[in-house]
């Protein structure tokens with residue numbers, strides 16, 4: 001790992017070095033180009049200076065010539081002024097001289113005009129040359145400033161790269177030290193791993209011996225006791241009843257209850273929305289109480305009047321779905337048969353929406369065509385028509401995904417299990433899209449209502465109907481938002497609960513197998529109830545037997561007490577009769593007869609008591625023998641049940657031990673391979689450390705040499721830039737002085 005990191009870092013450094021090299025070459029090329037450009041600009045400056053000097057000389061000569069001509073014109077004007085009064089005195093003599101002066105004047109005027117035009121042309125040329133010179137000078141100055149900025153940027157880049165190189169060098173040195181420490185720790189860990197592997201090998205050997213013995217016993221038990229393994233085939237395993245997850249069922253019922261409440265709110269809001277829309281058609285743009293509405297709106301109102309027959313079944317379907325999810329069922333997509341009914345009701349409602357959508361759009365167009373409709377109201381109606389189309393499309397999308405979720409309970413190959421998660425995610429996205437569409441409808445309908453309330457023809461009936469529609473749209477928006485957030489919060493649980501099924505199987509394969517599984521689950525529940533009743537009856541029988549034994553003992557004690565009491569009474573009678581015979585000689589005959597009757601009665605009581613005691617002893621012995629055997633039978637049945645449960649437990653334990661044995665063998669093989677790889681990696685790391693040390697030192701020396709060469713080139717480039725700056729400054733000073 002350390003060598004891979006070092007190689008990666010070296011590769012990064014090499015890439016950065018190649019990038020810097022390429023940048024340096026580009027900078028060199030740019031400096032050379034700028035030098036060539038500066039030399040060309042210098043030549044251009046020389047040419048412009050020469051042309052400027054020529055023009056300046058021509059300008060000076062022309063100004064001098066102009067001054068001469070101006071002086072000559074002044075002299076001629078003075079001569080003309082002096083010759084005018086003379087010409088008045090001698091007109092005749094001066095006619096010839098005046099003609100000559102006029103001819104000279106005309107010649108002078110032409111010459112003067114030519115000179116003036118030439119002077120103007122030269123002034124224009126001078127001005128143009130001066131402007132061109134200023135423009136070239138400004139371009140050169142701006143170019144020089146950009147070159148200075150680029151040189152500063154290049155210098156900053158070079159400084160940053162040098163700083164980065166120094167930081168990487170320090171970082172590599174720190175990494176080298178860390179890797180050395182890490183290699184030492186790895187060596188220690190390798191030694192510890194060797195010791196652990198030896199211990200693990202001993203433990204594995206012992207476990208293998210122990211588990212092999214247990215495995216032979218368990219295999220013999222399995223071959224003798226288990227006739228058929230139904231978990232081997234997925235078709236048979238799908239019929240097995242899964243473990244009852246009461247928490248999962250309660251959670252699903254709670255979620256279904258929340259969904260039912262949200263659907264009930266949505267149904268109420270949809271009923272109100274369609275009903276108030278029907279009332280609005282009867283009012284606006286034409287009040288049906290005053291005039292007849294259009295046939296289109298009549299048909300639209302008739303269809304809207306039937307909304308309850310399409311909206312109410314949604315609530316009923318969701319209620320049936322909620323009632324089908326109980327604590328005793330298994331709730332997965334293959335067993336939720338009532339979801340198909342809800343999907344069919346949703347399909348019928350979407351057909352209703354498709355049926356009323358064209359009439360709704362035409363009704364909005366009719367509102368736009370009325371004289372009461374303004375441009376703002378027309379724009380809101382167009383937005384609402386688009387929103388109604390989106391609402392129908394969102395419901396169609398939602399019905400498509402719900403129909404796909406209902407397929408596993410009716411058609412086994414209708415939807416693959418791998419697509420359950422994506423379909424549930426798309427249902428959540430469709431619900432969020434429904435919420436967004438309802439927000440747009442609420443926004444645009446609110447704007448439409450405010451514009452209509454400002455109309456002069458707006459009646460109180462229209463205002464109250466619009467308020468009712470707005471309240472129903474707000475309720476729809478809130479309900480859509482709640483159900484969208486509710487589904488998004490529980491979509492992870494839905495996706496995770498799809499794996500709930502038979503042990504060792506991924507799904508129920510088909511709806512029929514799921515239905516059979518539910519029937520088996522009911523039978524298993526009934527069987528468990530019967531077993532529970534049998535257990536209760538057995539417990540009652542054991543309690544009754546105990547009570548019977550208790551009362552038998554009580555009866556025996558009562559018999560013993562009765563015998564003792566009878567004996568005591570007989571003794572007492574004997575003693576009383578003997579005392580009367582000895583002490584009362586004068587007793588009358590009536591007393592003797594009474595004593596005789598009492599003695600006879602006592603004898604009569606003693607004789608049946610003695611016979612009954614003998615019979616009770618025989619019956620008690622039979623009952624004791626019977627109770628003994630019954631208790632022995634109960635004890636043997638309990639021991640048999642305990643032995644069966646122990647054998648099942650032992651079978652499960654043997655299977656777990658065999659799995660642990662296989663895992664232990666796999667872990668043993670993995671540990672041996674890891675030991676081999678660890679030894680090879682340690683030797684490779686040691687070799688790489690030695691090679692990386694050398695290569696690292698070589699690269700550090702190469703990088704230091706390269707940095708020195710880069711510094712030299714940068715210093716040369718700085719000197720060249722400084723010379724360019726000095727030359728440009730000198731040229732600018734010369735231009736300014738000129």
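Every residue, even glycine, has its Cβ placed from backbone N, Cα and C.
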Among ranges 422-456, 457-491, 492-526, 527-561, whichever one TrEMBL labels coiled coil: 527-561
Coiled coil range according to TrEMBL, out of 619-653, 654-688: 654-688
Cβ-Cβ under 8 Å with the coiled coil (654-688): same-chain residues at least 6 beyond its ends: 2-3, 6, 183, 186-187, 190, 193-194, 197, 200-201, 204, 207-208, 211-212, 214-215, 217-219, 221-222
